[in-house]
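S.K.: Straight from TrEMBL, here's the annotation block:
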type	residues	note
BINDING	Asp59, Thr105, Tyr158, Ser228, Ser229	FMN binding site
DOMAIN	35-390	domain 'Luciferase-like'
Amino acid sequence: MAKKAHLLGFIQHGVNSHATGMWRHPKDKVGWNYARPEYWQHMARTMERGLFDAMFIADELAPYNTHANSSDPIVKYAVQFPTHEPSTIAPIITSATTHLGVGVTLSTAFEHPYSMCRRLSSLDHLSNGRIAWNIVSSYSKSEWEAYGAEMTDRGHRYERLDEYMELCYKLWNSWELDAIIADKESGVYADPSKVHEVVHEGTFFRSRGRHFVAPSPQGQPVLWQAGSSDRGRDFAAKHAEAIFAVLPTVARMRQYSDDLNTRVSERFNRPHGSVRLIYGVQTVVAETREEAQAKYERILACIPPEGALAWMSGHFGLDFSTFDLDDLIQDIEVPGIQGLFESILYARDGAPVTIRDAAIIYAQGMGMPVLVGTPADIADRLEEFMDDGGADGFMLIATYTPGCFEEFVDLVVPELQRRGRYRTEYPGTMLRENLLND
Ligand SMILES: Cc1cc2nc3c(=O)[nH]c(=O)nc-3n(C[C@H](O)[C@H](O)[C@H](O)COP(=O)(O)O)c2cc1C
């Protein structure tokens, strides 16, 4: 049986998502205000009409300021700016839908596991089991400066993250499922012997208390991760139920899929396939190739070069304003998001890429493969990514909203369904069920 695709919409709670300059596209948010519920409700209903697993909300905690030590170009060109808090829209999305999940990016850097678990359990209740947590630990210096803390290195962040998860699991598993009695006659609501106190004395965290929220429909949110360094992949293979990676070519996808699957089964003894591999793609679809190409060029024309460089500086933790734009990306090492840097390192199958070109490649869609064409062209490539690259599904980057998702749902989804490569109804109501089943 040919694998069926999973789909998610990749978005940010702000005026711009990940295609730099998207806000200025003539079709972006026409008649919609990104800061209002109606916009999110409409986008959620669109994704649910397309039987997507979830809307996936990225986040960072403060505007980037790596480029020339300033956030001016980030502010000036709306580079992932302004960005509102991501979990606030989860109930708006899930109350407008019945099946669509929400993946929320929440950083562990400045929040104690106790309140993180409480928040996520509450959201899982309110959505009737449709929440995923994209676990991040804040890679950008601007985030640490905004919180007045000293930035720690990657190794330290992953060590702390492991203990963070240990405490989260203790909290989520601390209630026995029959703890609530709710006997009005006797007045006993819950059996204290079944709501266990968690006592944690670790290297990074201490906690003593009962989880404040009754077990939620999924027990714990679906755990999602996008780390891609060696430590990051181990973390994903150990904890995640789904990963999000950006791999620019089929060959890179295959390598990543094989590597992660091997870590999952051999290093962490989990059943093969227990982590869904979701890869980013940028699609520009139209009835004809010419029309699609023209649409693609219109999207490219929105990119401000200085904003693009500032975005790369933010994601990769290097000040690209100090480089010659003709320097080659291949000669540079970055402290920031390794996995995304590789998307430009291998954008041309490993052939040299200048910083100038890399900025544009990156700014249009975070280094994701760009598929421009008819619904059949796009379905062909997605099939290839699944069959040869090992992808289980796709994170669709926003190019202008809500239009890009409407077009994908109206044009590409039916094509995938006709080919038997996409569901025709949701297999379940909770996010984990939909993610694990076709
Ligand atoms: C595709 C992708 C998407 C990511 N999205 C976010 C995000 O929204 N917020 C964030 O703080 N980090 C994000 N990250 C960063 C990772 O979660 C991770 O913290 C970072 O890559 C550093 O870990 P690594 O060195 O193992 O890659 C993303 C990374 C990738 C590869």
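Even glycines carry a Cβ here, placed using N, Cα and C.
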S.K.: Under 6 Å from ligand 1 by Cβ, which binding-site residues from Asp59, Thr105, Tyr158, Ser229?
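M.R.: Passing the 6 Å Cβ check against ligand 1: Asp59, Thr105, Ser229.
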S.K.: Could you tell me which of these binding-site residues, Thr105, Tyr158, has the fewest other Cβ atoms within 10 Å of its Cβ?
M.R.: Tyr158
S.K.: Taking the residues Asp59, Thr105, Tyr158, Ser228, Ser229, which the record names as binding FMN, find the longest CA to CA distance and state it in Å to the nearest whole number.
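M.R.: Value for the max Cα separation, rounded to a whole number: 19 Å.
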S.K.: Least buried of the binding-site residues Asp59, Ser228, Ser229, going by other Cβ atoms within 10 Å?
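M.R.: The binding-site residues Asp59, Ser228, Ser229 were compared, and Ser229 has the fewest Cβ atoms within 10 Å.
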S.K.: Report the mean pLDDT of the predicted model across the domain 'Luciferase-like' (35-390), rounded to a whole number.
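M.R.: Summing pLDDT over the domain 'Luciferase-like' (35-390) and dividing by its length gives 96.
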